[in-house]
Structure formats: C-alpha cells, structure tokens
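Structure first, commentary second.
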Amino acid sequence: MTRTIRLAVVAGDGIGPEVVAEGLKVLDTVLAGSDVTVERTEFDLGAQRWHRTGETLTDEDLAAIREHDAILLGAIGDPSVPSGVLERGLLLKLRFALDHYVNLRPARLYPGVPTPLATPGDVDFVVVREGTEGPYVGNGGAIRVGTPHEVANEVSVNTAFGVERVVRDAFARAQARPRKKLTLVHKHNVLVHAGHLWRRTVEAVGAEYPDVTVDYAHVDAATIYLVTDPTRFDVIVTDNLFGDIITDLAAAISGGIGLAASGNINPERTTPSMFEPVHGSAPDIAGQGKADPTATVLSVALLLEHLGLTDEARRVSDAVAADIAERDGTPRSTSAVGDALAARAAARVPA
Ligand SMILES: NC(=O)C1=CN([C@@H]2O[C@H](COP(=O)(O)OP(=O)(O)OC[C@H]3O[C@@H](n4cnc5c(N)ncnc54)[C@H](O)[C@@H]3O)[C@@H](O)[C@H]2O)C=CC1
Ligand SMILES: CC(C)CC(=O)C(=O)O
Ligand SMILES: [Mg+2]
C-alpha cells in the first residue's frame, strides 16, 4: 500500500534554506523506491516575506500548515528585521499555535567527534524542554521606555496543566530508556512559585513511575555538570528558557551546534509536529555554503521516526554516524556534506 506524507517546508532565513535543501535531499534519497511519497508544500515565511508584505504568519498560513502531516523548518531570524519580530511572530507563534509542548532535544556524542570536554565519557541524554509556556509566552511589557525610569517585565507563565503534561511525557521517555533516570532542571531556590510547581509535579507524577530515578539540579549547577560530568544525565525536563539555554550547551559538548537536532512535538498528534535544527539562522556564515546541514538531517531522522518510518529514520542516523566517524576536520561545503549523507542513506538495492 502506498502512503503519502504531506510535508510543510519552512526554510526561513540565513542558513535555513541551505540546510533544509540538504535535509530534503537526504529525505528524498532515503524514501526513493519505497512506497512512501512525500508531497511538499514550501511556505514563503521569514525576513523576505516580512519586508515585502509586513506579514510574519497569517491565519491563512497557519490554516494551510495545519493541513500537513509534519513540518520541516530551517531557521528564523535576520539582522535586517527588528529582533523578536520573526522569532516571536513566526517561530514561537508556530510552536504555540500548534501546541508543540514537547520540545525534544537529544544530545549524543558520536564516536570520533571532537568535544571540548576533558573527560568525554558517554554523552547520551535527551532534553525535554517545555515548548508553550515559561518566559517566552509574551506576557510582558514596558513603561517609560527609553527613560532612566524604564521598567521592563517578562513574566514566566507556568500552569499546572502545562507542567504536568510535559513532565508526564518526560517520565514516559525516561521509563523507555535503559537508565530510567529523570533530572528536573530549574531554579526553585529563587524562582519559588514556578519552581515549586515543577518540583511538586515531578514528585507527584514520579510516584506513578517507581522504576524511574529522579533527581534535581539548579540550572546554574546543571551547566557545570554538563561540562564536568554529562554522564549523570539521561532525561532532563525543564522549562522553555532553561531548555533553550542548556541545549545550546548540550550541542557544544556533543560535537557542536551543527549536529544538534530537535523536534517540536504535539504528542496527541492533533497538529503537525515540527522538526528543526537547534541552531538559528547564523547570519555570520549565511550564503557561504559553510553551514553544517547535519543537524537538519538528524531532524529529518526525528521526523521519520515520528511518522513511524523507523527503518528509514535509522538509515538516516546511521548515515550520519558513519559520516561523522570519518570526518577529519577537512572543511566540506554544505552540499558536499548533504551529498555524502544522502549517498550513505540511500536504500541498498536487493541483489
Ligand atoms: N530555531 C530558530 O529558528 C532559531 C533562530 N535564532 C535566530 O537566529 C539568528 C542568529 O542567532 P544566533 O544567536 O547567532 O544563533 P545561531 O545558532 O544562528 O548561531 C550561533 C553560532 O553557531 C554557528 N552555527 C549555527 N548553525 C550552524 C551550522 N549549521 N553549521 C555551522 N555553524 C553554525 C553560527 O555561525 C554562530 O557562530 C537570530 O535572529 C536568532 O534570533 C536563534 C536560535 C534558534
Ligand atoms: C529564537 C528562539 C525563539 C528560539 C531558540 O533559540 C530555540 O528554540 O532554540
Ligand atoms: Mg536556542
């Protein structure tokens, strides 16, 4: 039986289109000759559209995106657009509107990959970052702007409903992993209202998972442990802001931001989930063919996994692992890396 996957593609800004082209190249290759067809819709969203029309993401765009099975996104944000306009009005609007409350960010140090860690050990953990609440909801404001008496607020929103559902997801993931360990990362010694809600929720949900070991690290200490002893982490659950920050650090210890993949998941599958590299639009290297597309290719593997195409997902991540093992630091262009990954992920033709 043939299967059609409707894929929304938001290449976005900066290096976004460069890395997405390679992600799609690998996706096409891995599905070539199979009974799965991908029907792609490219969405013109990002800085160019904003300059042309003043629009970030309209209701019509959102309705059209909802008609898809999944979304592949490159990166959003450009120095020519006031900071926050696209990040809030497009990227976060997509995550919030599509209720992507699980922002899944695996960190794995592949064999042979250089790391700044003195004693690398096994880096193999996953961050479950809350994706629809916290300080990113836009619950803020400023008065007396530009005066010496300016007051600016960004209020972190944490609801019992929102915290519980992401904590449940994290426990389920921890239980499914061999080490069965969950670490809450927060700052409940200072952010007592939100922190205590998170702590109580982890305690309550944890009672239903007696086989999962639970521990806690304040976010500042967590940044120490990520560098000195990342082996202590298996599943980390944390809020939107802390998760954003520690996953760039997680990327840095696992071979660099060019390798870090993510999924913005709606576990109930009432909306399309969105897969994207952890990195941004990297204006400093955009247009030079220098960006590493591996993070996007690994995001394609997460996308395939989410759609139940487990073998294909494995072929893509195996292709990455094999390619990474042979990297010797010789610079390769974005498309050369994509070509190499696609060649390795190509289906083996039966003899
Ligand atoms: N999900 C998204 O769309 C995100 C968007 N942004 C936006 O991206 C823009 C730039 O933000 P930055 O803070 O500079 O973060 P960034 O992640 O774009 O870049 C940070 C550093 O990592 C490097 N880098 C990023 N991706 C790379 C890749 N694939 N290969 C090699 N090097 C790579 C960049 O050259 C830069 O030195 C801003 O507008 C920001 O708001 C930032 C993070 C996530
Ligand atoms: C630009 C932000 C809204 C997003 C970000 O940095 C991230 O999700 O990692
Ligand atoms: Mg980030």
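Just so it is clear, glycine is given a Cβ too, placed from its N, Cα and C backbone atoms.
Straight from TrEMBL, the features:
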DOMAIN    6-341  domain 'Isopropylmalate dehydrogenase-like'
BINDING   R95, R105, R129, D220  substrate binding site
SITE      Y136  site 'Important for catalysis'
SITE      K187  site 'Important for catalysis'
BINDING   D220, D244, D248  Mg(2+) binding site
BINDING   G280, S281, A282, P283, D284, I285, A286, G287, Q288, G289, K290, A291, D292  NAD(+) binding site
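Neighbour counts of Cβ atoms within 10 Å were compared across the binding-site residues A282, A286; the minimum falls on A286.
The DSSP secondary structure for R105 (substrate binding site) is strand. Mean model confidence of the domain 'Isopropylmalate dehydrogenase-like' (6-341) amounts to 97 (pLDDT, 0 to 100 scale). Its Cβ taken as reference, D244 (Mg(2+) binding site) is surrounded by 19 other Cβ atoms within 10 Å in the chains shown.
Comparing R129 (substrate binding site) with G280 (NAD(+) binding site), their Cα atoms are 17 Å apart once rounded. Remark: D248 (Mg(2+) binding site) has I257, A260, V278 as non-local neighbours, by Cβ distance under 8 Å and separation of at least 6 in sequence.
Least crowded of the recorded positions (R95, R129, K187, K290), judged by neighbouring Cβ atoms within 10 Å of its own Cβ: K290.
Cα separation, D244 (Mg(2+) binding site) to A286 (NAD(+) binding site), rounded: 22 Å. Residue with the densest Cβ environment among the binding-site residues D220, D292: D292, by other Cβ atoms within 10 Å.
Residues from the binding-site residues list (D220, D248, G280, A282, Q288) with a C-beta closer than 6 Å to any atom of ligand 1: G280, A282.
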